[in-house]
């Protein structure tokens, strides 16, 4: 614990320095002035190699000066014991060297550049990047940015941009207790020694999901991790432990813009949103934590890798989301701290401009992270179900879409006319078989006043205007309008209203203007439900209105004859139609640029549970008003799917510590499930409204390789490996990319014709098949000697041949497989097939084969 205290003291000093800088900026009005006079935040990268690249170069040439190639600050990121081998399959990434001088040297050069170029001018330097990226974030004018861009030392100058969040029975659904966890020795060992870095909205360190004292087993902080724990008033000393091993925050860009709300966003790793606490617990929260919400017990929660360690890098905030400059700083720090996995449940607010979607500061920083041996997983985005709606682009990033799982919480209301309507609501039912009178809030105003014009009254937001004597013992009927979606009204306030007027329960009907919005089951301490269908809501209202008895002369209501009972929704039901791709999950094909040209890259990589996921919730969480004050919340989104895969990747990293990021990606991708629990094809929802009525079989552009299979991924048999040099050649192969690649990487392109289809990925995607194409893949055997047979299903409109059709691979050896693809028709409609590698010892690797446009030349 003494080491932890020293790290906390260093972090406190760093946080104080940051605060002084920020206060200095704001006190002088510079933060406001910066955006009133046309200045903005720019991300500047320099040509000189960053710390990690420098170290690798020195290792490659056998220099004895490797120890002098480290970073400043507390970072390590590897040591002199690493070999120069390009195959991380045989090179553990962890090292211990922590030299100081080269990173400090880069920062001095950055400062000198700014002083010389902008001599006598006003600017604010926000960050120095030095580990994965050599550069800085700075507040300057467009004219100053132009000056910097013309300096020989400068590689690239780019305007900062905004990002956003992409917002547990799932261990059982994924088969972990009987499968993957057993292979790791049980949940008490699953993931131990692996550090998952989460770039999100922070964490609640007091939550039991992140305690380190739930077991007497040895649980040391991994020796390779060198991060620190910030200490602030709302993130006090002792917040970190052997589970939560590091925590920092990054907000300089946001603060300088004047959008940071200090009382709500918190300049610390503390999570005032809830999203970060939720995602961290999905990836690596402790095993067996009771889920109690609204006084009801919903079982026990566990992360995917419950014994893995968590490092938090807060770069997203409740008020505004986040900015690339802050996210890049978080990525750079996480890599320097030597995390094993980076999980980002964030996506850009817009498609990156320029030559290709891959060329943006976040993706290029993540490319360097992959070069450093870090597996990177990102949410696909919640912009589906349209084609090309993908928000995660690059082939070195593992992109995860969202699926439903087999647990649902159904609630029902039975009407007096014997109609039963389905609803959502984690609530008890009304007592027994008794039927209760229904009364709508606008019909229950005090002093027999007329129906209100204020929407809030119909939404049951104000009990002071309601007649409690009239409502007592009845079920209160409330409208659920767009104001609930916008956060202007809340279910929690309506429940308080119902309780204040002694209602027997509450029913919400859906306003017809609320379209395409998925309602998660909402916790209620009293009988209640929300009718999520506008059609069902009309049926309900018709019955209610037809049952009103009015005075024939005045039209005033004299009797409420509509009755109903609520069955309750506290007990889950388990179905066989899962998994299925959720309507909001972003879809491929992967857009290569802003003209929406298709890339030869499959996105998403796969799908994982993302719908109605229980996870830990921050005590300060404001993101979901319905769960305010609760310790767990149920959320949906690709934000929830990504940390599932981050946790499963930790299990693979634990079993195969020398696997490269691509090897981990391959193990996850080639072992997926392609059918639901009934053995039928996985389905994909196609529309926002009534999504289950429009679903059809999922394609590779909906689900990637398929639904993640945690247990099979721990025994993949063969893998498709790929490294930084391959991705570099791919980028160089983009027409006109050479100067952009050099600007981002510091390396010059040689002649390259490589496309995404040529990368050794566990998928084959061809955007345009001009008559014929030869594709190769190299598989590496990571199991015992085995004989494989290759079979395939050709995409419609193509003919495929493969050689060899059979091969034997000794353990650790590689095999080249060649595919020749010929178009047999002209078509711009995507078609899909697959390739299967079937081993005689039970291993099998299935990869999707997608061809979009097919062109046949006429003779």
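Heads up, the Cβ atoms here are built off N, Cα and C, so glycines get one too.
What TrEMBL lists as compositional bias 'Gly residues' is 69-81.
Feature annotation from TrEMBL assigns region 'Disordered' to 69-96.
What TrEMBL lists as domain 'Peptidase S8/S53' is 191-680.
Neighbour count (other Cβ atoms within 10 Å of the Cβ, all protein chains): 28 for residue 200 (active site, charge relay system). As annotated by TrEMBL, active site, charge relay system applies to 200 (among others).
Sequence annotations record features per position, and here TrEMBL assigns active site, charge relay system to 275 (among others). The Cβ of residue 275 (active site, charge relay system) has 30 neighbouring Cβ atoms from other residues within 10 Å, across all protein chains displayed.
Per TrEMBL, the feature active site, charge relay system maps to 639 (among others).
The two recorded residues, residue 639 (active site, charge relay system) and residue 275 (active site, charge relay system), show a Cα separation of 9 Å.
Looking at residue 275 (active site, charge relay system) and residue 200 (active site, charge relay system), their Cα atoms lie 7 Å from each other. Per-residue confidence over the domain 'Peptidase S8/S53' (191-680) averages 91 (mean pLDDT, predicted model).
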